[in-house]
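S.K.: According to TrEMBL:
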- 1-26: region 'Disordered' (REGION)
- D91: active site, nucleophile (ACT_SITE)
- Y146: substrate binding site (BINDING)
- 184-286: domain 'Pseudouridine synthase I TruA alpha/beta' (DOMAIN)
- 352-375: region 'Disordered' (REGION)
Amino acid sequence: EENGHQNKRLKSDGDEEDAEDQNKKSPKRKIVLLMAYSGKGYHGMQRNVGSSQFKTIEDDLVSALVQSGCIPENHGEDMKKMSFQRCARTDKGVSAAGQIVSLKVRLIDDILEKINNHLPSHIRILGLKRVTGGFNSKNKCDARTYSYMLPTFAFAHKDHEVQEELYRLDRETLERVNKLLACYKGTHNFHNFTSQKGPRDPSAKRYIMEMYCGEPFVRENMEFAVIEVKGQSFMMHQIRKMIGLVIAIVKGYAAESIMERSWGEEKVDVPKAPGLGLVLEKVHFEKYNRRFGNDGLHEPLEWTEEEEKIAVFKEQYIYPTIINTEREEKSMANWLNTLPIHDFNSSAVEMQTNNKNSKKSSDLEASDGCGDDSD
C-alpha cells in the first residue's frame with residue numbers, strides 16, 4: 001500500500017528476508033528511533049548540510065546510518081530522500097534523553113547495535129519502532145516534556161551573600177518558585193520569550209500543560225534542582241527565558257508583575273538562562289497511539305521497556321556533564337552576574353528613547369568613545 005509495493009512488503013515481512021536480501025535491494029521501511037545524547041560541544045540537533053564548521057548531533061547520526069548500511073550515501077546529503085524528520089530541534093549545548101526521529105531505512109539485522117557501533121558513546125539509539133508510512137515525528141507529536149537542571153543558589157536573593165557550595169534551598173523559596181512557574185500554565189503570548197516574533201504573530205501563542213520544580217538534591221557537594229515543563233510546542237529559547245524570568249523575580253531583580261506584562265504587547269527585557277541544564281526528556285504521541293497503537297499492525301509509541309536504559313544514560317552522560325561543566329565553567333554563576341544589566345522596569349520603547357537621548361548627550365559632549373552601541 002506504500003508506493004504500490006504491497007505484495008513485496010507482505011512477502012518480505014512474512015519470510016524475514018534471506019541474507020542476500022540484506023543488500024541494497026532490501027525494501028525501506030518507515031521507522032522511529034529513540035535517541036539520547038549529551039549536547040555539549042554540539043551546535044544543536046539539526047544538520048546544516050554543506051556547513052561542516054558547526055557540528056550537530058544529526059551529522060554524527062547520518063554518518064552512522066550510512067556506515068551501518070541503513071541508508072545509501074546520497075541520502076545523507078539529501079535528507080528528504082529518507083523522509084527524515086526530528087521531533088524537536090534542540091539548541092546549541094542542549095541534551096536529550098528521549099528525542100524521536102522518523103525516517104525510512106533498510107531494516108538490516110542487528111540494526112541498533114550496528115548504528116550504535118558507529119556513534120560516539122555520548123549519542124545512543126535506545127529503541128526502534130515501525131510506524132505508518134506517512135508518519136512525521138514533528139507533525140504527529142502532541143506535546144514535549146523538557147527538564148532544566150540548575151544549581152539552587154540561582155534562587156538565592158541578590159541581597160544575601162552566598163557561598164555556592166554551601167547554599168541550600170529553603171522550603172519557602174521553593175514554594176515561591178513553584179507558584180511562579182505555575183503562572184505559565186495555560187495559553188499565553190510568548191513573543192517576549194523568543195526572537196523575531198511580534199506580539200500579534202499567532203504562532204507566538206503557546207499552550208503550557210505543566211511546569212514545576214522538584215525537590216532539591218546534592219551532587220558533588222553542590223545542591224541542584226530540576227524544573228520540568230510540558231507544553232504543546234516551544235519556540236527557540238522559550239524555556240530558557242521562562243526560567244530566566246522566574247530566577248530574576250525570585251532573586252529580587254524584577255517585580256512579579258513583569259510576568260503579566262511580558263504576555264502583553266509591549267516589548268519586555270526577558271533574560272535567557274544558560275543552555276547547559278536543558279534536556280529534552282520525552283515526546284508525546286497520544287493521538288497517534290489512540291489511532292494506530294492498538295490496530296494490530298503498529299506498536300504504540302511508548303518506551304516503558306527503554307526507561308531503564310534512558311535513566312542509565314542520563315546518570316552516565318547527561319547529569320555528570322551538567323554538574324562538571326557548571327563546576328568548571330560556572331555558566332550559571334556567570335550568567336547570574338549579568339542580571340543587574342537588564343532593565344526590568346521600562347519597556348523597550350523607553351529603553352530605546354533613553355539610549356538615543358544618552359547617545360545624543362554623549363555626542364554633544366564630544367564623546368570619548370565610551371558610548372553604548374549594544375541593542
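Placement of Cβ uses the backbone N, Cα and C atoms for every residue, glycine included.
Curation does not apply to TrEMBL; its annotations are automatic.
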S.K.: Counting each residue once, how many in the domain 'Pseudouridine synthase I TruA alpha/beta' (184-286) are helix, strand and coil under DSSP?
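M.R.: Taking each residue of the domain 'Pseudouridine synthase I TruA alpha/beta' (184-286) in turn, the totals are 25 helix, 33 strand, 45 coil.
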S.K.: If one looks at the chain holding the residue listed as 'substrate binding site', which residues at least 6 apart in sequence have a CB under 8 angstroms from its CB?
M.R.: E228, V229, F234, I239, L278, V279, L280, E281
S.K.: Counting across all protein chains present, how many other Cβ atoms fall within 10 Å of the Cβ of D91 (active site, nucleophile)?
M.R.: 18
